[in-house]
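Shown next, in C-alpha cells, is the structure this report addresses.
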Amino acid sequence: MADAEASATMADEAKPDSKTLQILRDMANRLRIHSIRATCASSSGHPISCSSAAEIMSVLFFHVMRYKQADPKNPDNDRFILSKRLSFVDVATGWLGQGLGAACGMAYTGKYFDKASYRVFCLVGDVESWEGSVWEALAFASHYSLDNLVAIFDVNRLTHSTTLPLEHSIDVYQKRCEAFGWNTLVVDGRDVEALCQVFWQAAQMKNKPTAVVAKTFKGRGIPSVEDAENWHGKPMPKERADAIIKLIESQIETNKSLEPKAPIEDSPQINISVIEMTSPPDYEISDVIATRKACGLALAKLGHANDRVIVLDGDTKNSTFSDIFKREHPERFIECFIAEQNMVSVALGCVTRGRTVAFACTFAAFLTRAFDQIRMGGISQTNINLIGSHCGVSIGEDGPSQMALEDLAMFRAIPNCTIFYPSDAISTEHAVFLAANIKGMCYIRTSRPETAIIYTPQESFEIGQAKVIRQSVNDKITVVGAGITLHEALAAADDLSKQGISLRVIDLFTVKPLDAATIISNAKATGGQIITVEDHYPEGGIGEAVSAAVSMEPDIVVHHLAVSGIPRSGKPSDLLDMFGISSKHIIWAVERILMK
C-alpha cells in the first residue's frame, strides 16, 4: 500500500501545472497551423497526419525530451525518429517501417556503448506497423532490454487510401506489443496531461522498452476533415486554409512557449577520425585463405585499433567469420538473428552522430532483402559498412538461393557508396581498414573459396586505384577481374604464356569508384581489347562498369564474361566452367579475339 501511495505521489509530482498544460495545448495548435501553412505554400505534404500527432509532438519536444536547441547533433541530446533527415533527425525513414530499427541502433548504442542517459523516441504510424520490419525491431528491442527506447504508435485508423482493418482497436495493438515483450501504455493522443503521464511512466520502466499506443484522429481540429477518408497527403485547399487557421488560432490562449530541458552531459568523448593499421597484414605468399575468413580476421584486428568499432551479424557469424571478432570483442558484437532489414537499420542507428564504426555482415544474397534500408541509408548519407560473403556461383553446392549475383548492381546504384571487391587476404584487410576511415556507405564483397595470396604484406592500397598485377611489353589483351575471377584470369595468363600469348591482368580492388584511367591506359597498350570476367550476372556488374568507363574511347572494345542464366548446385570449379567464367573460357575468349 505504501509503495502504491509513493508511486501515485511521484506521478502527481511529475504532472505539469495547469499553465504548462495549456501552453502544451497551444503549441500543438501552432504545430497544426505551421503544417497547414507549409503544405499550402509547397502544394505538397501531410497536414492531416501532422494534425493527428500534434499533441504527441508538443509534449515530447517541450516537456519530455532533453536537448540543446542550438546544438541538434549534441551527443547528449535525446533522439527522435520521424520520417525525414532534418537537423535534429538523424536518419531518413520516409519509406515506412524503417524508423524503429534505426531507433533500436541508437538506443543500443546509448545503453551498451555510450552508457549514457540520453533516450530515444520513435513515432510509428499505425499504417507502417503492417511492415514486417517494425516487428523485427520490436523483437530486437525486447531481446536486448532497451529500456531507453520509447515507440509511440499514432493510431489514427486511416491509411493512404482506406481504413486499416484494426481501425481504432487499441486493445489489439496493446496485446501485440505486449506479446513482443514491451511495456505497453495506452493513451488518448489528444490529451496532453495523459501524454505527460505515460511518458513519465515510460521513464520509470527498467529492462523493457516502452510502447505508447495513442488513439488519435487524422485532421484533428479541422472541421469536415477530422477522421474523414481521402485526405491523406493533400494540402488544405487555399480557399479554406485561412478560415481553418483562424479557427485554430481562436483556441490558442497564450503566446508563451516552453524551453526544452537540458540534456544530461554524460556521453563519453570518442575519436574515430583516423583508425590506423597497427601492423602489416600477417600472411605469407604460400598461404591459401578465403577472403571471407580474412575479413573476419581483419575486423578483429580493427577492433583492437579502436574501441568504437562494432560488428553486427544476421546469424551467419560462423560462415562470415565475424565470430572471430565476437571472440575477441564480445561486448561490441551485436547478434541480429535472421532479420536482415532490421540489422541494416540497427547499424544505421549505431553510426549516427559518429558514435561508432559499424560493420554489418551476412551472405551477400541476404542483403538484397534489406535493399530498402540500404537505399534509405544512401539518402541519409550514412557511414555504415556492409560485408557480403558467399558471392557468385563459386560458393558451389549451396545452390542458387545462396548465390549473390545481383549485389554489385544493387550497391552500384547507391549514391556515394564505395564498393570493395578484394581478391586475396591482404587486399581484404586493407579494404576493411579503408572502409573504416572513409565517409559514406561501403560494401565489401567477399568470396567463399580459399584462394592464394597475390600481394606482399608491404603492398599499399587506395580507394579507386586498380592494380596491374601481370604485364609485359608483348601483352595482346587486358583482362579485368576481381575476387575469384582474378585468380581465373591469372591461371589463363599462365596457360596462354606457354603458347607465347601474353595477357595483361588488372585487379579492380574497388568496383566503385572505378579506376578508369588505369583501365584505359592499359587497354590502349594492348590493342584496345578488354575482357571483363565476373562472378555476377551481366547486368549492373563489372562489365557494365568498365564499358561505361571506356565508352568515350573509340578504339577500345570490351568483351564481357559473366554468369548468364540461373545457376545450380555443384562444385565451384564445375560451376565456374558451366557458366563461362573459368580460366578455360577466358582462354577461348582470347583466342576468338586474336583470330579476328
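Every residue gets a Cβ built from N, Cα and C, even glycine.
Small disclaimer: the values here were computed from a predicted structure and weren't measured.
Here is what Swiss-Prot records for this protein:
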{"type": "BINDING", "residues": "His46, His232, Arg292, Ser319, His390, Asp398, Arg448", "note": "substrate binding site"}
{"type": "SITE", "residues": "His46", "note": "site 'Important for catalytic activity'"}
{"type": "BINDING", "residues": "Ser49, Gly94, Trp95, Leu96, Val127, Asn156, Lys218, His232, Glu340, Phe366, Gln402", "note": "thiamine diphosphate binding site"}
{"type": "BINDING", "residues": "Asp126, Asn156, Leu158", "note": "Mg(2+) binding site"}
{"type": "SITE", "residues": "His232", "note": "site 'Important for catalytic activity'"}
{"type": "ACT_SITE", "residues": "Glu340", "note": "active site, proton donor"}
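This view paints the features noted in Swiss-Prot onto the structure.
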residue	record	DSSP (3 states)
His46	substrate binding site	coil
Leu158	Mg(2+) binding site	strand
His232	substrate binding site	coil
Ser319	substrate binding site	helix
Glu340	thiamine diphosphate binding site	helix
His390	substrate binding site	coil
Asp398	substrate binding site	coil
Arg448	substrate binding site	coil
- Cβ distance under 8 Å to Asp126 (Mg(2+) binding site), same chain, sequence separation 6 or more: which residues? Phe153, Asp154, Val155, Asn156, Arg157, Leu164, Leu166, Tyr173
- Task: Within the same chain, and leaving aside Asp126, Asn156, Leu158, name every residue whose CB is within 8 angstroms of the centroid of the CB atoms belonging to the recorded Mg(2+) site, in sequence order.
- Result: Ser52, Gly125, Val127, Asp154, Val155, Arg157, Thr159, Leu164, Thr216, Lys218
- Densest Cβ neighbourhood among His46, His232, Arg292, His390, Arg448 (binding-site residues), 10 Å radius: Arg292
- Message: Give me the CA-CA distance between Glu340 (thiamine diphosphate binding site) and Arg292 (substrate binding site), in Å, as a whole number.
- Response: 18
- Query: Taking the Cβ of Lys218 (thiamine diphosphate binding site) as reference, which residues of that chain separated by at least 6 in sequence fall under 8 Å from it?
  - Reply: Ile48, Ser49, Ser51, Ser52, Asn156, Arg157, Leu158, Val225, Glu226, Asp227, Ala228, Trp231, His232
- CA pair His46 (substrate binding site) / Gln402 (thiamine diphosphate binding site), Å rounded to integer, equals 41
- Given the binding-site residues Arg292, His390, Arg448, which lie within 10 A of Gln402 (thiamine diphosphate binding site) by CA-CA distance? His390
- Query: Including all protein chains displayed, how many Cβ atoms other than that of Glu340 (thiamine diphosphate binding site) lie within 10 Å of its Cβ?
  - Reply: 25
- Task: In whole Å, note down how far the CA of Trp95 (thiamine diphosphate binding site) lies from the CA of Arg448 (substrate binding site).
- Result: 34
